[in-house]
Structures are given as C-alpha cells and as structure tokens.
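Handing you this structure, nothing more for now.
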Amino acid sequence: MMVWMSIRVMFLFKTGAPHNLGRTAWIYWPTQVAMGSTGLLSIILASLMQRRVLSNQSPAATIGYSLFGCLWLLSLLCNAQEHKYRVRSSTVIFVSYVVFVPVLAVHTRTLLMLSSDNTLELSLNTTMLGLLAFGFVVEAWPRGSTVVQRSSHLPAYDKANVFMQISFFFWQPVLSLSVKRTLTQDDLAGTLPYDISTSYSYERFEYFWKRAVNRAKSVNERNRRKLQGSGRAEKKEITPSLFRMALRSLLVYLPALFFFRLARVLAAFSVPAILSSFLAYLQSIQASETIGGDKTNEPSLAYGLLLVFGMFLGSFMTAILTYSSRQHCIKIGMQIRAALISAVYRKALCLSAGSRGQSTTGEITNLMATDADKWGDCIIYLNMWLSVPMEISVGLWLLFRLLGWSAWAGILTMLALTPLQVWRAKYFGKIESKNLAKMDDRIRLTTEVLTAIKVVKLYCWESAFMDKILAIREEGLAIARHMGVIFAIMSILFASSTLIICLATLSVYATWGGPGFTPGELTPQTVFVSMTLFAMLRVPISSMTEATTNTVSLLVACKRLQTFLLREEVDPSDIIREPDVTLRHASEPMIVMENATFSWSSPPTSNDNEEQEEDDETTELLNSSSSGEVHSHKATLDNITLAFDKGTLVAVVGRVGQGKSSLVSAIIGEMYKWGGHVKTFGRIAYVPQQAWILNATLKDNILFGKPYDQEKYQRIITACGLLPDIEMLPAGSETEIGERGINLSGGQKQRVSLARSAYDDADIYLLDDPLSAVDAHVDQHLWNELIGPQGLLSSKTRILVTHGIHHLRDVDKVVVLKDGKVVEQGHYEELMGARLAFYQLICEYSVPHRSSSSASSIAASSDGSGTGEDDTITDHEGSNSQGDDTGTKKAPGEPSKKSPAKKDTNAKLIAAEKAKAGRIDLNVVKAYGSAFSYANMTAMIVFLLLAQVCLIGVNLWLKHWINLGEQDKERPSLRFFLSIFALLTVLYSLANVGVIWIAFVVGRIRASRVLHKNLLSRVMRLPCAFFDTTPLGRVLNRFSSDMHSIDERITWKLSDSLAQASNILSSLIVMAVVMPQFLLALPFFLLAFYFLLMYYINSSRDGKRIFTITKSPIFQHFTETLGGVSTIRAMRLEDRFIEANAVRSDVHSNAYLAYGYTIQWMGVQTQLLSASIILVASLCFVLAPRGSVDASAAGLAMSFAMTIAQGLGFFVRSTCDMQNQLIAVERIMELTELNTEAALRTEPDSLTGRALENQRREGRPWPQKGEIVFENYSTRYREGLDLVLRNVSFTAEAGKRVGIVGRTGAGKSSLTLALFRMIEAANSPPARACDNTGRVTEYEDGEEEETGGKITIDGLDISQMGLADLREQLAIIPQEPVLFAGTVRENLDPFGQIDDAALWQALERAHLKDFILSLNPTGEDGGEGGLSFRVAQQGENFSVGQRSLLCLARALLRKTKVLILDEATSAVDVETDELIQQTIRKEFADRTVLTIAHRIKTVMDSDKILVLDHGSVVEYDAPSALVQRPESLFYKLAQQAGEL
C-alpha cells in the first residue's frame, strides 16, 4: 500500500495540473487530523514497544506499528496532493481505509479478549480505530455539494469516490430524475470523459496505426530487396492488421482488465467452494442428530452463519467486479469505436479518384454504422478470451477436488468440443463476410434511391427499385437463415454442453469414481456442488460460443475497415500548392500547367502497355461535381500547357465530355497526374457545377465557418443577387436550408455557392459552369456585379467553365478543349481571326449581339439590388421547386404583388429528431410479435418449458438417487440410473435445438422480412414534402442501425429473456416445494424486484432513445460531407469538418456511456438482490430446527438458488435490453405510420376508373391527345405554407409546344410538380390525406379558404387517378439529371420491358449511341460494354451533359403524349442544345411539350408562351405576339437574353 501511495504522490507531482478551485476545508482538515493522529499514535506504540514499556514486545508488532504509522503519515502528503490536483476522493487513501479499519477492528477485539496487561495498547488502538472510522466517514462522504465539485466541469464518474464508481451509485441522481420525468439529452450532457473523446481516441489510434503501416512497409521493402536478383518469385506483400494493432493499443489496459477478471473469477467460485462447506455443515448436523444425542462433533451456529454471510459476500463482490470490468471494457470499446469513426471520416476526405470508385456512399456509411460499432459491442467478448480460460480452469480444479480423477471425463468432453468450436468460427467468418457485403449493397442502393426519390417518383419507378432492394434483402436473409440452421444444429453441443459434460462426469464417477475404481458415492455435497459448478461453467462455456461468434464478426469488420483505411489517397505532391501568395514572383502566373497529363484512373503499368485493360469507369464518388468523362487507361487531359495570370478571367469552352470540368478538377488535385508540372499560388475557392448546400442556415452556408463581417456579407449577397431572396425568407439569412438545398431553386443554390466562394476571399476562383442554372437577367447581373471584368472578383484569378458563348467577348482568354486537349487558346478576337473551330461555333450558334446601349440599359437596371424585388423564393419555409431562377427586375414603379413575409426568427425547416417519452407502446410489442408470428413465439415457449422440465427432472432424479442411498434402500441398476439421466439430457438438447431453430431460422427471418418490407414500401410512398423536411441520414439510420438491431439483437434478447424467465420460474417452484418457508420472503423479493425494474426501465429506455437519435446526425453530416468532398479539399476546410464530425461523435458516445452506466447500475442492484436470495435461502436452513433439514433437499434448493442468483441479473438485463432494442421497431413504426401519397392505381369503381377501363377496352388508352387544362388551380408545398400557384388557368392544346417562363419563385417548376401530383391541389382531400406536418393553414381576417381547382388531361381529372396511372403516361427530362448505379440498360429501362434495338434507337436519337458504343468492358470477366456498361453511383462516371442526354433517351422510350422539359439543356453546350431541340421538334412533333428554360432561345419557337409571376398567369400567348408588346414581361426577358 505504501508503494502504491508513493507512486501516486510522484505521479501527481510530475504530471498533475492544479485545478485551482481550492480545497474543501471540512473534508481536508478532518481527514488530515485523523490520518496524522493515527500515524503518530502508531509510531508512539512502536516506540513504546521498542523501549519495552509495553508487555507486548514482539518485533513483528513493533515493525507492524512502525509501517502502519509511516503509511498514515505518508497519506498526509498524498491527501494534500490529491486535493490540489483532483476534485474527488483519493482511491489509494479510500482503499487504505477500507483495508485497515477492519484489520484494526479485529486487532482491537483480539486485544480486548486478551489479558488486561495490554490496557495502554488497547486504549491507543481503540483511539486509532475511532480516528480512522471518523476519517473514513469524512473521506467517503459525497462531495457533490462542495464548491470544488460544483465548479468543476468533470463528468460525474470522475467526481465520485472509488466505491461510488464500482457500485455505480454516482449515477443515482440521473436515475432518480428519470422517475420524475422523461430524460433529455441535456440531462446526460457532460458524462463523457476526455480519454474517450474522439480527438484523444484518434490520436492514440493514429499513433499505433501509423506504426503498423510503417512496419509493414519496411518489411515489404526488405523482402523486395532480398528477392532482387535472386530469381525467386516475389512474396505476397504483408498488410498491417487493424485487429492486431487495436489489441496492441489495448496492452496498457490489460493489467487492470486481468485484475478485474481474475478477482471476479475467484469471487464467483468462492461461492460453490463455501457451498460445499455449507452442505458438509448441514450433513454434520444431520448426522449428529441421527446418531441420537451425541452432539460433541456438531458444528456451531456461528460457523454456519459465517458460511452464510461468506456466500453472500462472495456473490456481492462478484457483482461489483463483474460490472466494473464490463464498464471498463465498454469504455475501451467506445474509445476504439470513436477513433474508427473519425478514421473512416478522415479517410473519406482524402481518397484518390480510383479509391472513391471502389467505395460507395452506402458502403462507407455502413463502415461507420455497423463495422466501427462492433468494437463497442465486442470488446466484452474479447475480454472473455482472458477470463473464460480462468473460469473453466478454476471450475475444473474445484471439480477435480470434489470428484477426483473422474473430473477428467468432463475435461476430455470439453476438449472434444473444441475442434467443432474452431470449425464453427471459421465457417461463421466466411458467412458473416457475405452477409455484410449484402448489407452494403442494400444500404448503397437504398441511399441512392432515397437521394433521388423525386426523380424515382417522377418516373414512377418505385416498384422497380423496391424489387431490386428486396431481392438483395432476400439474399441477405438467406445467408442469415443458413447461419441460423448451423447455429441450431451446433446448439446440441454448445447450448447443452453443460448437461452433456455433467452426464459424462457423473457417469464415470458413479461407475468408477470410488477408491480402487469402485463406484463412487453420490452424496448431496458431491452431486449438488458439482451441479452448481457445472451450472456456473455453463456461462463461460456458452460464452465461448458468443465470444467466438462476436470475435469472428469483429475480425470481419476489422478486415473491411482495414481494407478501406489502406486504400489509396490523393497524392498532395501532384499539385504544388503554395497558399502564401506573397511568395509568388511578380512575373509568375497564379496557375501554371506545363505538359500536364491527367486521368481519372491511375497511371498505366508495364502490363497495361502490352494488353488492353478494362475501363475504370468510376470517377468521383465523393465529388459534388462530375468531371464528365468515362475513363479507361488513357489520359483524360493530355499534355495541357496553360498559364493563368493574376487578376485574369479565363473561359474554358468545349462540347459535352471534352474535359472542361476535368481541367478544374485537375487543378484542385482530384485526378491522377500522369506527367507534367502544375503549381498554384494562393488560396483557392471552388464553385462546383452542381451546387453543394449544407443543412444549415443560409448565412452559415455563405460564411462557411468564416467570421461574420456585416459590411462584407451585405456586399456579397447583393453582388450575388440574393438580397431580395433573403428579404422574403421567413427568418431572413437565419432561415434554415434543407439537405441538398431542397428549399432553394437550382439558380438560388448556385448563387449561394457563388456567395460562399466570394466570402472566402480567395486568390483563385474555379467556377464550373455556375451560370447554366440561372436565367439571362440573373446571368447578366452575376456577370456585371461578381464574375465579370467590373465585378466584385475582378482582381482575382478566375477560371470559368461555361457552355454559354455570350460572355466570351469580355474575358481575357478563351481556352477551347477537344478530346482532352487544348486545341485553341487566346483572346476572343484572336480566335475569331484564326477562323478555326471556335470561329465556327460562334458563327453558327450565336445570336445578333445587342447594341451597347441596350446592354448598358439592362446593366443599369441591375442597380446593385440583386435580381429585382420580385426575384424571391416562393416557399417561405419548405421546398421550392428546382430551377425557378429566371427572374428579372420589375419595371420601375410596378407595384409588388406580394408583400414581404413577416420575419420568423424560429423558421426551422428540419426539426430536431425527438425521442418518444414513456414506456414502449403495446402496439410496438404487438407489431414485432405479429412480424415474428405468435405461433412461433408460442412454440418457443413450449420448447423452453420442455427444456426446463428436463433440467428439473435431472436434478430431481439425482436427488432421488441420493435419497435411496441414504435410506439404505435398494437402488435400481446403475445402467437404469444413467439411462434416465441420458434420456433427459437428450430431450433437453433437442428442446434447445427447437428453441434456436424457431427463433433464428423461422421467427427472426420472418420478422426481419416483414418489418423491412413494411418500412421500405411505406418510405417509398411517402410524399416529397417528408423528404424535404427530413434529413436523409435520419431515414438511413432506420434502414441500417435499426434494421441491424431487428436482424441480430432483438431475437437474441427475446430468446435469452424467455430462457431466463423459464429458468427462474422453475427454480422458484423447486425452491418453494423443497423449502416452503422461502415463500414468506418471496413477496418481498418480488416487490423489490418490481420496483427495481420500474426504476431502471425508465432511465434505460430514455437513454436508449437518446443514444439512438444521436446517431442520425453522424450519418447526416457524413452523407453531406461525401457530397462536397471536392469543395472541402479545394478550399482546405478538412479540419473544420473533422471537428464537426468529432462533436457529433462525442455527443453520441456521451449518450452511449450514460446508457451503459444505467445498465451497470441495474446489474449491481439485481446481483445484490440475487445475493440476498442466497442469504435468505441459506439462513432458512441454518436457523431451522436441528434435524429438520434434509441435506440433499438443501443441496437441491441451494443449487437452484444459485441458478436464480446467476440468472436474475441476466434476465433483467436481457428483458430491458429487449425492450430497449424494441425502440428500433418503434422508430421504424414512426415512419410506417405516416400518411402516404394517393393510391398508385385508380379505383376501378370510380368514374375515372371506369373511363380509363373503357378506353383501354376500346384500344385507345388514355391519353389520346394530350390536351392539358388548368382550371383555377392553386397549390402549396405543405399545410401551413403560402400558395405557390394561385388560380392558374390555361389550356395547353394537344400536340402544341408551350414554353414556361417567369421570375424566380414564379411557380414554373411548381407547375410541373402539380402535373405529376408531387404536390396536390390546395385544400383538396388528397392534400390533407397525405399531410404529415399536423399544421393548419391560417387565413387572415377577411381572407377565405381558396379552393384548389383541378387539372385535366384529355378531359379526365388527374386528382381522381392513381399516381402510377398518371405518371406512367407522362415523360419528363428533369433539371437535375439522375443516373443510378447499374448498367446503361437498367438506367434506361429498369423494368426490363424494352428490347435492345429500341434502346439503341433511343440513344441514337439522343446523340449518345457512338459514345455508348465506345465504352470498354468493365468487368474482369470480359463482360461486354455498351448497354452493359456499369454506371457508377449517381452516374458520376458521366458528365452532367451526358446524363442529360441519357434522360432524353428515357423520355424518347416513353411513348407518352405529354413531355415536360424542366431546364433540360442547362448543362450542355449550345451546339448540343441545338441538337437536342432538333430531336425534340422531330421526335415529339405529335406530343404536347411543356418547356421550362433559362435560355429564351429554347422557347422562342414554341407555339405559346406561358408567363408566370408570383404563382399566377400574367401572360399566355404566341411568342410572336408577346414580343410585339414592349410592356410585356416576356418582351423584357427576350430583350435581356439578346433575342430581340
């Protein structure tokens, strides 16, 4: 103890940091006085003995008192240091009190019992005992109310003394609070200690991981050097093992873990050892009573009581040590888990292009959601490999002492089972890998579909993708079923192994276990102690099964994580980036590219030069903008030599897929550099082609972590034309923007992206076609105020990728790319003078340039106030349609048709995920029971009861056999005894097989299938408004973590709960029969158990809910990050996002730790209750009248009491865990109970249904003409929001082309959504039926509720149709072209209903046939390219323009009478745009076409133009008529676009 205290003092002195909170005087000084006085008195006693003053002159006593005094004097220094550096009680001092107060008390009692010659020594010892007792009380007194602890921000655990820590009583205030009200996240805040935080955990992980990686590199390099010139084949390179590295990092915790587990094993097995003495004690009493009055050898009652309390203390210490070691393991697992989540996140931020192609978003998310989580769960099972051998060894040693050499039968039986355990582990490892791979595929596809749910609904592809996801799910369930079958069969050996070993051991003992291999005598002590030991061995033996399964699962998870963490990263040396622009020489360009060659695939090896390699079709999984090229082993950009001077504006032009976006990606280091030199000076700001918007306020999206400068902010939002939009937002700049900018139009998102880059105040601006998403007026405003020669960024170096040609005259240089090469570069006039490709492009596709006076007047109209007062967002809170960004400035003096909305400082779009309050609803239990099947549940219970009957039968049969021997009655033959024993064992094993089979092969699979299908089918049918207001990560959490709980955990907890319940019930029945007096105490135990359960279940349920909901933000943030990795890397913002990830991870870890504390607290309480059961049961036998106790009955009762003690805690934990795991079902039901869209199919009995059916029978399916009529149509995005379309009335005649134009927020794309019934008519029954907000639209005084009107197509009201019947008959080319992972064929025809000839014809008409034909095979098996070419996730191995052309091909394949083009050509160059328009005019000549376009030229040849303003129709006429009216809005738009 002195050594420990000395080390502690030195440690605090050298490493401690003073907390500077002062000392708690009423604790510090009394303890100092008590310890100092004790030390001095002890030294005085030693001195008196040395001088022979006292009669006790033993040298040992003198040394003992001297050391005792030195210890307490040393504790004065230790206590002073502890109060200086720590806010809690000193562990070493507390333990000293605990050890020496009882020791001194025993010593004082001994002195009291001796002669009176030791009066002085007795007095001094009594005084020291009183001082130490007083000091201990003060030292142990809770310090929560002290100023020091209240001022400290340490977690509650770090403020508690060692006893409060190991007993978890420090968590009592939180548990008490949970009884009064529902716990919230704030109640659990501050629980996480620093050594489990993400930052600390990752630092440790990084240190060990880098060492492992460097060690592997050194070994591989050494092996290569040895093999060079030897002619031997190269060895396979070794890779660093993540699992071994993690174990190596745990070595520092091994001593504490080993101590806890060893102490626990010794404490646990002390109970059956004492039980053996206890039964011997009862046998002695029984024998003395039988002899007839000779009680000389009868043991005393005190000895019996000592044994009773010894068993109680052993049981209690087992509980303390078990749950302390478990919590220690949980903390270690949390540390590794937090480190792995951070490592995966950091790795995702630095993956190379090739590596990104190997990992989908779903797979990477699964690594964080499932694989990293394995460490949090499985570290306990790893610890079992340390403790289980000890437990088995101690148990077998006790059996050997009890049964002699017969115990070897049990040992050999266990050894015989070991090879099967090894085989099972290997086999399960292979199956687990396949299972996780299927889970990856499912999550990947689910993520992809939900990300593009709007497009899926527009195309009416829900059923196709549902079938794909469910097919993958069935493959995963087939694997799970196979695992269940193997587990059920193996349970014969493992679940029943204890009884099998017991049968083997007792059979050998009963046959040859006596002296000279004679039959052994079966006594109560022999049988029931051995049965107790076998029952205790059942836990470690069955734990071997769990440990093996979980270790294998952990190894598989580590292998997957290891593979990901070892993937190739971006080489920072490819691009020389000098962030300090002052280091640039005045003559040096800001960007230099010399003979630079780039590709999206890694540089070819020597083998690649000999044979054609397959294409690497993947580009940027994590890139928010797509490069535009499909890549093989050929350069994407070839021999690029360019220089970009400071302050210049360079335009990069070219056709679709020529390498424009790749050039920008190359500059920011996203591509492989095959050769050449690239260098940049200064900071870079990057604006991707597809704007990346975070789920944050609009201001936060612009500031992007920078300090707020009001003047600068106002200047930038004005230059970006955002001022009017912000003025109309409900909370202005503080309005929350949804995921992916869901409540902003396409142009608004792009302008926010531009504002973000401008606020960054970088030196270089890389602008990847940001003007394609805005209309002509906004384009002109952005050019004049921001990008152009006179704009806000005029002093910056700007590289502008553009498909437009109208600004090229004003740029400093034009770079023309073709086939990845620079074919022309120079000033506009130079290129025009060269009369090459650029000259041809300009001459063929440009429009007559406006006069300078016209341009000046238009520019003047943009007076710095943005895009005009009416250029506003329609939906004040929710989803604005994509693409409504064609605003113009209203004419001077024109009255505003809509007053600005009142600012709402609490305008939240995405509500925080709320945890339910109170107990798990009975409907949740019923839902899982129904999915599992009540018949399966009943069968499980029947088999469990049968197993318990067999187990009780074995014990009763053994008791009967013992009684026959004690009563000297003739026993049946030993063979008969063993035959019955064996029969009961076989029946028990078969019953266990039945339980496992029903639970894991039948019930689990059924429940997983039913609940997943219900969830998927409901989510796919939810209205778009739900996805607008719900983060994708929150939904994915249901499909990943919650479904994993249903697949793996609930069934385990259900079977464990039922098994333990039947076990406890049968044990209580046996105890009640054998020991009726126990029934008197039973109600008190049941009452205590009930209150304990109710006390615990509130806090554990609330904790589990908080733990679950804090996981979603991690996924949400991760998914958002994956969408903008290129922007993050280009702008060097990795550290900021890593910190944001760490904050979310720490919040989740904090909730998990708090949940763990609750579980451990309950474990300690239930084990204390169990120990009390043993205490009461044993007291009943000790205090019973002498001679009335049958030792065999007592052995049977105590054996079952031990079973209760062991099973009660397990039952409570399993039951509560099962209820907590049912929260996963509860969370799934939260979605499955939401209102869905209207029915997919039209009611056959309705008027519309009969009309459709009649037309089908007549061979003229609806629609025949395509006439569209809007009649006073009004709509809103969600209840409680303003109308986005108001009393719209117009007719689109059959076969005519209608162009739709208007300002931002005018309602153009809303009109499209209404046509597809993505939004319903305002106040209509369908709108209210699918509403999930619970909000009610409020009307001002005098304002009446407006009716929604209707839309008819060929005379039929579409609101009366099924959604599938409607959407299947409409075709659309959306503004954001979406492709899905799969083949080109599957992207064109997901239902597989169209032959290849038709697909090729559609591709030819979409001008993509030659490109698709040129694609190389992608599979290693040599599979064909073309239509079988694999499209990467989200189509990222195609440019945005190529994706648009594929969407055109989709529209061509749908033989519909109505086509909608929603900014379909905004991402393509003018030449491709003209080709698309020609195709549309030719192929859709007989169809009704509605076209929304930024390029006014696109709609100039329409039959009619529909002009919208603030959701109302303001003009509807032929374009030739509208351009004749200068006052018309369309005239102004056409004039600004240069068409007049």
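Yeah, the Cβs are placed from backbone N, Cα and C, and that goes for glycine too.
So TrEMBL lists the following for this protein:
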- 26-48: transmembrane segment (TRANSMEM)
- 60-80: transmembrane segment (TRANSMEM)
- 122-141: transmembrane segment (TRANSMEM)
- 301-324: transmembrane segment (TRANSMEM)
- 378-399: transmembrane segment (TRANSMEM)
- 405-423: transmembrane segment (TRANSMEM)
- 485-510: transmembrane segment (TRANSMEM)
- 522-541: transmembrane segment (TRANSMEM)
- 597-630: region 'Disordered' (REGION)
- 608-619: compositional bias 'Acidic residues' (COMPBIAS)
- 619-844: domain 'ABC transporter' (DOMAIN)
- 854-905: region 'Disordered' (REGION)
- 886-905: compositional bias 'Basic and acidic residues' (COMPBIAS)
- 934-958: transmembrane segment (TRANSMEM)
- 978-1003: transmembrane segment (TRANSMEM)
- 1080-1097: transmembrane segment (TRANSMEM)
- 1168-1185: transmembrane segment (TRANSMEM)
- 1268-1535: domain 'ABC transporter' (DOMAIN)
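For the listed features, I'd like the structural context: burial, neighbours, distances.
Counting residues 6+ beyond its ends, the transmembrane segment (122-141) has Cβ neighbours under 8 Å at 26-27, 30-31, 34-35, 37-38, 41-42, 44-45, 89-90, 93-94, 97-98, 100-101, 104-105, 107-108, 111-112, 161, 163 in the same chain.
Panel annotation: around the transmembrane segment (378-399), residues 247, 257-258, 261-262, 264-266, 268-269, 272-273, 325-326, 329-330, 332-333, 336, 407, 410-411, 414, 505, 530, 533-534, 536-537, 539-541, 543-544, 546-547, 550-551, 553-554 of the same chain, lying at least six beyond its termini, place a Cβ under 8 Å from a Cβ of the stretch.
Under 8 Å from some Cβ of the transmembrane segment (405-423) lie the Cβ atoms of residues 392, 396, 399, 490, 493-494, 497, 500-502, 504-509, 512-513, 520, 534, 541, 544-545, 548, all in the same chain and six or more residues away from its ends.
Among residues of the same chain six or more beyond the transmembrane segment (978-1003), those with a C-beta under 8 A of the stretch's C-beta atoms are 481, 483-485, 487-489, 491-492, 495-496, 499-500, 503, 506-507, 510-511, 932-933, 936-937, 939-940, 943-944, 946-947, 950-951, 953-954, 957-958, 1051, 1054-1055, 1059.
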May I ask for the residues of the chain that lie six or more residues beyond the transmembrane segment (485-510) and have a Cβ under 8 Å from a Cβ within it?
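Sequence-remote neighbours of the transmembrane segment (485-510) are 399, 403-404, 406-407, 409-410, 412-414, 417, 420-421, 424, 427-428, 431, 519-520, 522, 526-527, 530-531, 534-535, 537-538, 541-542, 544-545, 951, 954, 958, 974, 977-978, 981-982, 985, 988-990, 992-993, 996-997, 1000-1001.
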Using Cβ atoms and a strict cutoff of less than 8 Å, what residues sit near the transmembrane segment (934-958) while being 6 or more residues removed from its termini?
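Same-chain residues near the transmembrane segment (934-958) but 6 or more away: 499, 502, 506, 522, 527-528, 531, 977, 980-981, 984-985, 987-988, 991-992, 994-995, 998-999, 1002-1003, 1006, 1055, 1058-1059, 1062-1063, 1065-1066, 1070, 1196, 1199-1200.
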Most CB pairs under 8 Å with the transmembrane segment (301-324): which of 522-541, 1080-1097, 1168-1185?
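Between the stretches 522-541, 1080-1097, 1168-1185, 1168-1185 has the largest tally.
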What parts of the chain pack near the transmembrane segment (1080-1097), using Cβ distances under 8 Å and only residues at least 6 beyond its ends?
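Residues 175, 179, 919, 1068, 1072, 1158, 1161-1162, 1165-1166, 1169, 1172-1173, 1176, 1208, 1212, 1215-1216, 1219.
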